Structures are given as C-alpha cells and as structure tokens.
Amino acid sequence: MRVAIVGATGAVGHELLKVLESSTLQFDELLLFASPRSAGTQLTFRGQPLTVQVTPEGAIDADVILASAGGSISKALAPKWVEGGAVVIDNSSAFRYDADVPLVVPEVNGDAALAHRGIIANPNCTTAIAVVAVAPIHRAYGVKRMIVSTYQATSGAGAKGMEELLDQTRAELNGEQAQASVFAHPIPFNVIPHIDAFQDNGYTKEEMKVAWETRKIIGDDSLKISCTAVRIPTLRTHSEAITLELERPATPEAVRELLAGAAGVEVRDNPEGKLYPMPLTASGKYDVEVGRIRESLVFDGGIDLFVAGDQLLKGAALNAVQIAEYLQQKGALKAKQRA
Ligand code: A2P
C-alpha cells in the first residue's frame with residue numbers, strides 16, 4: 001500500500017505527516033509532493049528522511065492520495081490521479097458539491113465514503129468541527145435551525161496566514177505599520193468579518209460552505225443554517241458559537257450526557273471551574289472541545305453551545321486520514337498490483 005501527500009510542505013501537509021505517524025492505516029510507503037519550490041526538501045517520517053518531489057502533471061503511482069495543495073491543483077490533477085487507480089481524499093473545495101463525490105466526516109457519515117467513485121471530499125474546516133458536535137444532537141432531537149458565529153484562526157489560510165499573524169504582530173509591537181497581504185486587513189489586535197469572497201446574498205463563501213456542507217454531511221436539505229465567519233488573531237483552532245432550534249426539546253444535562261458519549265467530542269463544560277472550550281486547550285487535540293452547553297433563551301427547548309476544534313487536525317489532516325482508515329477497516333482500500 002502506497003500513500004502520497006500532495007502539498008506535503010504546507011500547514012495541513014505538515015499535520016498529515018504527524019497524524020500518519022500514529023495512524024492505524026497500514027501502508028508500506030509514503031510519497032511526498034509539493035511545488036517545484038520545495039523539490040528536494042527533506043521531511044522526517046517515523047524517524048526517516050523523505051525527499052519532497054515536484055508534483056507531476058499526470059498520474060501518481062499511489063493507492064491513496066491525500067491532496068492539500070489548493071483547489072486549482074486538485075481540480076486539474078485529481079481526475080488524472082483517479083484514472084491512474086488511486087483513491088483521492090481531497091482537502092480542497094473543488095469537488096465538495098459534486099453529487100457523485102461523498103463529503104465525509106467519519107463519525108457522522110462514514111458509510112458515504114464507501115460509495116466513492118475515486119474522489120472523496122474532506123469538508124471545510126469550520127463545518128467539520130461543527131458537525132462532530134451537532135450531528136449527535138440532530139440524531140437525538142432533530143435540528144431545525146442552526147445559527148453559527150465563528151472565531152477562526154489564521155491557520156485557515158495555511159502556513160502563510162500563520163506567518164502573517166506573527167510578522168504583523170512583531171511589526172506592530174515595534175511601532176511599525178503592519179502590511180496586510182493574506183488577509184484583507186491587518187490581523188493583530190483586530191477581528192475581520194470577511195473570510196473568502198462575498199456572494200450575491202451578502203454572505204461570504206466561507207459562511208455558505210457551512211450551510212451547504214453541513215446539509216450534505218448530515219443528509220438533511222431542510223436544515224436552515226446561517227453563519228457569520230470571522231477571522232481572529234490566533235494561530236490555530238477554530239471556535240464557534242452555535243445556537244440550535246430543535247424539533248424535540250432538549251435539556252442541557254441531556255445534551256451534555258449525549259455528547260459525552262459521542263465519538264470525536266470532548267465535553268469541557270464546567271463554567272464555575274473556568275472549564276470551557278478554548279484554542280489554548282483544543283490546539284493539537286484530536287477531539288473537538290464542546291462546552292457552554294445551555295438552554296437557548298430564543299428557541300424554546302433549543303440549545304446554545306460553544307465548540308473549539310483544531311482546524312489543521314479535525315478540520316483537515318486528521319479527518320482526511322480518518323477517512324482512509326475507515327475505508328481500510330471496511331476492506332474498501334486495495335493496493336494496486338505493481339511489477
Ligand atoms: P510549496 O511549499 O512548495 O509552495 P499552505 O496551504 O500551507 O499554503 O500549503 C500549500 C501546499 O500546496 C504547499 O505544500 C505547497 O507547496 C503546495 N503547492 C502550492 N502550489 C503548488 C503547485 N503548483 N503544485 C504542487 N503543490 C503546490
């Protein structure tokens with residue numbers, strides 16, 4: 001079994017290497033690809049140096065390709081990788097809305113991955129983190145409406161987003177004017193309610209991704225979802241305040257108990273002990289932290305909660321590897337015959 005990472009030198013690529021180190025996925029060889037800028041770079045995997053290669057224009061001789069080099073690379077090359085016999089787990093938004101491409105969070109809709117036709121899409125990071133907490137509540141109580149406000153880290157814009165936060169913070173502390181390039185405005189000591197492009201309806205594409213993708217993963221087109229997506233000056237981990245209107249009334253105690261038994265969730269909810277989800281504690285963690293679970297003051301029997309999930313892990317690299325693990329556990333991942 002041969003696994004390849006395309007975009008191995010990026011922020012998500014780096015996490016893919018780390019997650020694969022301790023993954024249960026059985027494979028014999030790992031191939032690393034990035035842009036020509038990184039050709040020859042050495043990265044370490046399980047104590048061994050691996051050399052980064054230039055991403056070829058055509059097929060890659062691998063059984064599983066974890067792609068995290070952006071939408072245009074995936075759009076152009078993923079069909080060729082599939083033709084070459086690989087299963088592609090794509091971290092970009094290139095194929096997420098195609099009817100024949102499963103959009104998968106294994107804890108929620110793992111079985112959808114089994115129906116793939118070569119490409120499986122990894123959801124937008126904000127969506128992946130939210131659905132881990134919301135799907136069990138939906139199954140038990142039926143979510144009718146969901147209102148989300150996000151607090152998203154600079155890691156959502158890749159390694160260069162994180163560098164911009166650090167560089168601009170240094171500049172500001174030195175009394176210099178910070179120059180914005182990745183983000184629309186300087187990010188230190190600021191919050192920016194603008195992630196991805198504005199749409200005709202006044203929402204950003206990031207906000208609409210949460211609505212479109214949550215519906216597809218949960219498998220309920222009637223779910224009404226509204227999101228305000230905001231970039232904040234943290235390095236990694238996205239946080240989200242979520243309000244849920246439910247078909248059947250829930251109590252905070254029952255939801256706390258339900259989520260305590262849910263896969264991929266860590267309930268962190270003791271306000272008196274100053275225990276709640278935060279980027280500080282959720283960063284580097286596989287589970288999504290969920291807390292501040294309380295009765296909605298707006299929707300009778302509804303629930304308000306706060307989640308924090310590592311965007312680079314559950315929001316990207318970890319979820320992608322978990323999809324591969326799921327396929328292998330189900331016997332749906334086969335190594336190609338090689339001479
Ligand atoms: P490189 O480091 O050589 O530029 P991030 O999302 O953190 O910015 O990372 C993006 C990843 O996608 C990096 O590994 C980057 O490689 C890779 N990448 C960017 N452009 C290309 C390209 N044209 N072909 C292959 N990989 C690319």
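Placed from the backbone N, Cα and C atoms, the Cβ positions cover glycine too.
Since we're looking at a predicted model, the values are computed, not measured.
As annotated by TrEMBL, domain 'Semialdehyde dehydrogenase NAD-binding' applies to 2-116. According to TrEMBL, the NADP(+) binding site annotation covers Thr9, Gly10, Ala11, Val12, Arg37, Ser38, Ser155, Gly156, Gln311. Per TrEMBL, phosphate binding site is recorded for Arg96. Taken from TrEMBL, the feature active site, acyl-thioester intermediate applies to Cys125. Residues or ranges marked as substrate binding site by TrEMBL: Gln152, Arg231. As annotated by TrEMBL, active site, proton acceptor applies to His238.
Everything TrEMBL records as a feature, shown here on the structure.
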{"residue": "Thr9", "record": "NADP(+) binding site", "DSSP class": "coil"}
{"residue": "Arg37", "record": "NADP(+) binding site", "DSSP class": "helix"}
{"residue": "Arg96", "record": "phosphate binding site", "DSSP class": "coil"}
{"residue": "Cys125", "record": "active site, acyl-thioester intermediate", "DSSP class": "helix"}
{"residue": "Gln152", "record": "substrate binding site", "DSSP class": "strand"}
{"residue": "Arg231", "record": "substrate binding site", "DSSP class": "strand"}
{"residue": "His238", "record": "active site, proton acceptor", "DSSP class": "strand"}
{"residue": "Gln311", "record": "NADP(+) binding site", "DSSP class": "coil"}
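A Cβ distance below 6 Å to any atom of ligand 1 is met, among the binding-site residues Thr9, Arg37, Gln311, by Thr9, Arg37. Taking the Cα atom of each, Arg37 (NADP(+) binding site) and the residue listed as 'active site, acyl-thioester intermediate' are about 26 angstrom apart. Neighbour counts of Cβ atoms within 10 Å were taken for the recorded positions Ala11, Cys125; the minimum is at Ala11. Across the residues annotated as binding NADP(+) (Thr9, Gly10, Ala11, Val12, Arg37, Ser38, Ser155, Gly156, Gln311), the widest Cα-Cα separation comes to 25 Å.
Taking the C-alpha positions, the distance from Thr9 (NADP(+) binding site) to His238 (active site, proton acceptor) comes to 22 Å. Using a 10 Å radius centred on the Cβ of Gln152 (substrate binding site) and all shown protein chains, the other Cβ atoms total 26. When the recorded positions Ala11, Cys125, His238 are compared by Cα distance to Gln152 (substrate binding site), the shortest distance belongs to His238.
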